[in-house]
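Data first, discussion second: the structure below is written as structure tokens.
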Amino acid sequence: MSGFEKRKRKQRVDELIQSQAGALDRFISSNKQNESSNLNEEQEILVNEEQEIVGNEGQENLGNEGQENLGNQEHKESSERVDESGHEGMDNDSQNEDMSFERGVRNIDDPSNWDKIDQKFIDFIVERGPLKRDKVNFPMDNAGRRFSCFHYIRRLSNGEKQDRRWLVYSNASDKVFCFCCKLFKQDENKTMLATSGLNDWHNLAQRLKSHEASNEHIFGMSKWIESEIRLRLNETIDKSVEDQIKKEKVHWKGVLERIIEAVKTLAKNNLAFRGDNEKIYQKNNGIFLSIIEMMAKHDPTMREHLRRISNGEIHYHYLGHNIQNELIQMLANEVKSAMIRRIKDAKYFAVILDCTPDISHMEQMSLVIRCVDVSTTTIQVEEFFLQFLKVEDTTGSGLFEELEEGLVTLQLDIGDCRGQGYDNGSNMKGKRKGVQKRLLDKNPRAFYMPCGCHSLNLVLCDMANSCNKAISFFGVLQRI
């Protein structure tokens, strides 16, 4: 945009901001105007509302789609001016959390998902405690109102403040709930805070005040406190059953830890897992089951586990080939994620490709990423093999499409590629249709370097063919 257009846009935004002067009176009642302790929080809420109003009015004044994009940009710049003038100390974490704030995410901490619950779930939620969402710009309703963290605190007439620990906000439904009434509600308790949630933001303060004095809330608070004390002292009604469940948890956790260690050991050494059969205490049942049997001789956890299997007490023993493959895949994904994190920390990288047919004559392309590893104290250049890419089209176009799709799958930006290395095949190093040319068209900074090993091999072949003694020497070796 030209300088005149920028000045005109700035003037229009300033006029919109000036038109909002005095808007604070719409959100503050007369009995709160003299409370200076609440003024800062209300001003912070108002600034966020003014930012959204400015963006909405700017979009309505512009009219068409291109001007709507300009209005969004003006909204962003006007928000930055408001932040720079009056809220320079705003926490960056609050802004990041606001950007990542999504409505409708299902999780166990959201009270809108507590419709069908049992006693085990209630005990689990009570142990976790209520989850409060603060430092979040909550979404606005059709009337331009929203929930505020201001309601998390109860202000008494004598000036004291009490934490409304029971008040929980649901980001899935944009409503507030009573933590204790939602979990321990009686059949006759039909209040919105205990059932479907409350989103009457205009009258929320009065509704919360009346709810705190209700008999239903007092009953729920007493049940909540009683349950917390019993769980803290480990003295619930079904204590013996819970003790048995905890012992089973510890047992199965120990079993899985030992199975995972066995899988890691075999995978690290590139050893075969299975043999002729998959039954314990039989011959040729594979290295994996042999390691499990060896563990059972010295470890009481695995000894108890194999005893249950032999006596038929359990059906799911987690020693079959399906769980082995699943654990191998999970470990492989974790290793790949760690390598990708290192590559992203380094930012810039180079790609190394090579194709080879497998036993079924299917062409596979190995993808290797070379980067500077800055995650360790000793910074060094590392090469990470990430995966095999199945190739059906071996032309330069087909190979480049597979490379590009592989980088997108790994969430690596092709614009950060600073090098590429291939063999001397025409489909790889071609100046017009090769992979290196197509990658240079996408990213001119991806410098191409032919593979040194392939180049050395070609030099040795030419050298051997130019000397009769060398031809005789390598011919004898070939016949041998």
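Heads up, the Cβ atoms here are built off N, Cα and C, so glycines get one too.
Per TrEMBL, these features apply:
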COMPBIAS  1-11  compositional bias 'Basic residues'
REGION    1-99  region 'Disordered'
COMPBIAS  29-40  compositional bias 'Low complexity'
COMPBIAS  41-52  compositional bias 'Acidic residues'
COMPBIAS  53-72  compositional bias 'Low complexity'
COMPBIAS  73-90  compositional bias 'Basic and acidic residues'
DOMAIN    151-236  domain 'TTF-type'
Counts by DSSP class (helix H/G/I, strand E/B, coil) across the domain 'TTF-type' (151-236) | 34 helix, 15 strand, 37 coil
Integer average pLDDT (0 to 100) for the domain 'TTF-type' (151-236) = 84
Which residue counts does DSSP give the compositional bias 'Basic residues' (1-11) for helix, strand and coil?
-> 9 helix, 0 strand, 2 coil
